[in-house]
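Feature list (source: TrEMBL):
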type: COILED; residues: 271-298; note: coiled coil
type: DOMAIN; residues: 37-141; note: domain 'Calponin-homology (CH)'
type: DOMAIN; residues: 150-256; note: domain 'Calponin-homology (CH)'
type: DOMAIN; residues: 752-787; note: domain 'EF-hand'
type: DOMAIN; residues: 793-828; note: domain 'EF-hand'
């Protein structure tokens, strides 16, 4: 085939010289009259296969094209173009004008028409009409066939030879005798649709059966009209080559379209599979984020609650509930949070690699939202634990004050019992003078005792006030008892004054005084007060938290014991006064003389109290010693915790530094980094028993009410946070390295390229922050071979690069964004235009596609996926239920809710 000024001029394959070739064959006796009949049938069927698309057809090829109308319609259908408006008149010149319009259109397509004029077509010249139709077939059905840059005929023949090569009894060498037995047609069908024909049952000895089988199957299942007659092929020594070529070209176009459709379907399947996996990851992220946020929202009210039953036991139960929460309920949520971040990073990496837009979670479920909620949870945990400990200290203080109040109130009420009746008594009115004086001295001693008890009453009132300030849960009973004591104290003061006045009146009548009883009363009263105070101090409760505090109490007790010698002397002196009185009474037989008129105290009572004091001293020694052992045990716990914490804390810091160094890509290939990270991960989990042991020690510390530790700067809370941060850092770094491996492998970049990218990035990351400032990024790109000028155009180019790697204008570029940019610069990815072209092939070049076409060309699940998501096509002349594949393909690569 040759080209002459853009016009095809081969006499055999194209109409130029068509008539001359016919005449030459006729002169040489090579022209078979049956060829014309075969051409007529074949060309008629070929024309009808296209005219039916316009809802019409022809019956007689030489008659039905005479007016030029159906000829123009045929050209419009097969070319997809619009011809000039035809003349609708029935006169001969109208018909000639229409045929000329058709011939002019054919000539405009680069085909030279020789010896074919409009008059011959209008006159019904069969030979000219067949020549014209052959021209059209060559131009629009055969010319576009191209196999290895051969001519249309040679390319079509080569295609047949390749497709039928594996088949027995088939040897395609031409377009006449090679197709006469029908096996070549059957082989072409079986090669592309083995489900339609059982080739093993065909025989070369049954040519008519083979031809009928091929023609029937092609017409029924492949929509290829029956263009040839089996009888004509068998009854002709050499079938017409043009008829066979026309029919075979229909096979080529049918199966060539199927191959394109299969390729297009594969491309679409690949794109949709990626999209379905991304949607699954999005749904899983939403589910995990919702569950974690809901758990945080449910937990926060409990952590923010500051309500207790104001009892130490209730507060201790709350502390145990908090420990259970930290040991059992929170660890799974820490793992869930790490998994959530890992899934999010994996999803974003897959979206970048598949050229999809970044995933934006629904409002309130961003990674930053989850991090903020988690931070709020940790703050609430710290505040809750601090509140619990302070509340336990407050309640312990309350219990101590309540016991102290009861103890002092019991002593005071025991002392005041009967005092009001005594002060209201009129016994002095029947006494002698010395009895009156004794009553007066007794009253003076009582007044001294009353003044000494004033301090105890003030202490009781002060303790009651502190219990009110600290909101003691039984403050009502405390206030009532305090009020009774204060009211009674006021009444005692008033009664004391009235009795003193009465005794003063009686003193003028009585003068005899018993000096010994008076001396006993004066010395016994303060000694009795000292005994009461001493007994009270010896049984007083105390709270200490350090060895220094208990040592101070023991020193004070030792100083107290040093004063017992002087107290014993005073006791012996007071008892000696009683012995003197007893001697005088016995000597002088004084009635009632043993009764001391100046005091109600007796030697027996003083002896009892003095015995109590001597017994309470060793008991106090035992109590202080027990507390000393407790504080020593607490000190041991402090040292145990400090020793373990001082080892665990630096270990966690070293692991964090090592993981950070690996994350900077400073140690070997990505696989080496991943291997080392896995080793660190295994080592961290193997180290967990140390954390658990530290938790057990910490529990013992809290149960021992130990609130500070001067031997270590680490607290259990800081170690817990460091441990969780270490686990999170390892998981995040593993995920980043896996994503880098995924990027490297999926984009086809080499390890050397990746190493070069990381080395350049780290070189300009002077502070090892894992990110570059804009000027550092520019230097890094220049080091990798990018040409960024220092003029205005160079700055514009760099700003466009910044818009890609830092779309949020944060002022820095992470390594992931840098690697993504360098990967896109080095590789190619699917685009929306490629997907649109693939859908256009499946749709047969229509601007829309139907559900039936999708289900025929795609796997069932992906076909239904497209049908469910494609919007309706709104273009003109669209059939019902047509789908817009262009909008769908664009949405896959743009902002969308898919």
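Here, residue 1 is simply the first one shown, and the rest follow in order.
Cβ from N, Cα, C; glycine included.
Heads up, TrEMBL stuff is auto-annotated, nobody curated it.
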### Query
Counting by DSSP, what is the helix, strand and coil composition of the domain 'EF-hand' (793-828)?
25 helix, 2 strand, 9 coil
### Tally of DSSP helical, extended and coil residues in the domain 'EF-hand' (752-787)
23 helix, 2 strand, 11 coil
### Message
Can you break down the domain 'Calponin-homology (CH)' (150-256) into helix, strand and coil residue counts using DSSP?
### Response
66 helix, 0 strand, 41 coil
### Task
Run through the domain 'Calponin-homology (CH)' (37-141) and tell me, per DSSP, how many residues are helix, strand and coil.
71 helix, 1 strand, 33 coil
